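Student: Reproduced below are the annotations present in Swiss-Prot:
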TRANSMEM  28-48  transmembrane segment
TRANSMEM  76-96  transmembrane segment
TRANSMEM  100-120  transmembrane segment
TRANSMEM  137-157  transmembrane segment
TRANSMEM  193-213  transmembrane segment
TRANSMEM  225-245  transmembrane segment
TRANSMEM  262-282  transmembrane segment
TRANSMEM  289-309  transmembrane segment
TRANSMEM  314-334  transmembrane segment
TRANSMEM  369-389  transmembrane segment
Amino acid sequence: MLPSLAQWLQTLSPEFGFLRVFQYLTFRAVMAALTALLMGLAAGPFVIRRLTELKIGQPIRGYGMDSHLSKSGTPTMGGALILLCIVIATLLWVDLSNRFVWIVLLVTLGFGAIGWVDDWRKVVNKDPEGMRSHEKYFWQSFIGLLAALYLVFSISENSNMRVLELFFSWVRSGFDLNLPPKAGLLLPFFKEISYPLGVLGFVILSYLVIVGASNAVNLTDGLDGLAIMPVVLVGSCLGIFAYVTGSAVYSKYLFFPHIPGAGELLIFCSAMSGAGLAFLWFNTHPAQVFMGDVGALALGAALGTVAVIVRQEIVLAIMGGVFVVEALSVMLQVSWFKFTKKRSGQGRRLFKMAPLHHHFEKSGWKETQVVVRFWIITMLLCLVGLSTLKLR
């Protein structure tokens, strides 16, 4: 919004020439991060007080860690504050005509709505199960598939009209359409090498990345500050990839596919990082507020959607390795328990407790040790991910 306003003012008088600074992505990215950060810090105490007054407190599982019982009643659903800061900061500083920003915002808010309903049922309606798993996965799949279907054509074309034309061309051709190389699966550390996916392959991969990232972040959000800092780190790095991909000069120099308009996602990623840091101010141990599913599901989906647009699905898995391992630990734990129970009549566990961060707590690690060490691991993985910018 502000870039459009600045451009309009410049047409009125040359005295507004200093507003040309609003044309620069880097300036707007910094301002978006600061806007989200300051908004979050200012509104945080009010939101926490309000959640406390409404008795929207986090229920703690009786079979979990004993050290977590003291957290019972801590305000939750604080992720709504994160989303509010992201949306306002993004809309203020982004080019509102950019279609990629709108699709990321819609996916983020869609998954946030799913998380809101889940949290509301758990906390307000006192339903320990919240939204039923099949219901949750249905809506996640619905939003994820719609986004994937739009993106498969949007990445190949530069306007929504051309996206529609390409879609109908795909339908008329009997669902057989050759996509450009930039719509393939890019392999990191290799120059201009991509694996062709086709429309169906692209949609399936994008769906798995968006929905998988959403649930992986949600599973990671089990300790004070554990999920939000990796989200900030990975989101910031994805913003750099968006900047490179959206630039004709940098993408050519670094052998990346050029996707016009993707650079504006740097604004969204910066806003997400700023809002995340503001939330961490109140979420650090001992946490004053939890983000809840409304925040975790939305932020994970946002990371996944941005990664799909900038064609860095594999790099997302690298940088978000903590999220990947946390999700895998749950799947392995459940699968192994069912397998051993079916085979011997008694279920066995691979880990002392899943997700993995609880395994380390059961092994004697302090909560803060688990959190900070997972942060350090994420920092290292993000450096590996960023190295793919040049090591190609």
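Glycine too: its Cβ is placed from the backbone N, Cα and C atoms.
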Student: With the transmembrane segment (100-120) as the reference, find which of 193-213, 262-282, 289-309, 314-334, 369-389 contributes the most Cβ pairs under 8 Å.
Tutor: 289-309
Student: Where else in the chain does the transmembrane segment (225-245) make close Cβ contacts, counting only residues six or more beyond its ends and a cut-off under 8 Å?
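Tutor: Contacts of the transmembrane segment (225-245) (Cβ under 8 Å, skipping residues fewer than 6 from its ends): 25-26, 29, 217, 251, 254, 256-259, 262-266, 268-270, 272-273, 276-277, 279-280, 283-285, 287, 291, 296, 299-300, 302-303, 306-307, 309-312, 315-316, 319-320, 322-323, 357, 370-371, 374-375, 378-379, 382, 385-386, 389.
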Student: Which sequence-distant residues neighbour the transmembrane segment (28-48)? Criterion: at least 6 residues beyond either end, Cβ under 8 Å.
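Tutor: Distant Cβ neighbours of the transmembrane segment (28-48) are 2-3, 22, 75, 78, 80-82, 84-86, 88-90, 92-94, 239, 243, 266-275, 277-279, 281-282, 288-289.
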Student: Between the stretches 193-213, 289-309, 369-389, which wins on the count of C-beta pairs under 8 angstroms to the transmembrane segment (76-96)?
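Tutor: The listed stretch sharing the most Cβ pairs with the transmembrane segment (76-96) is 289-309.
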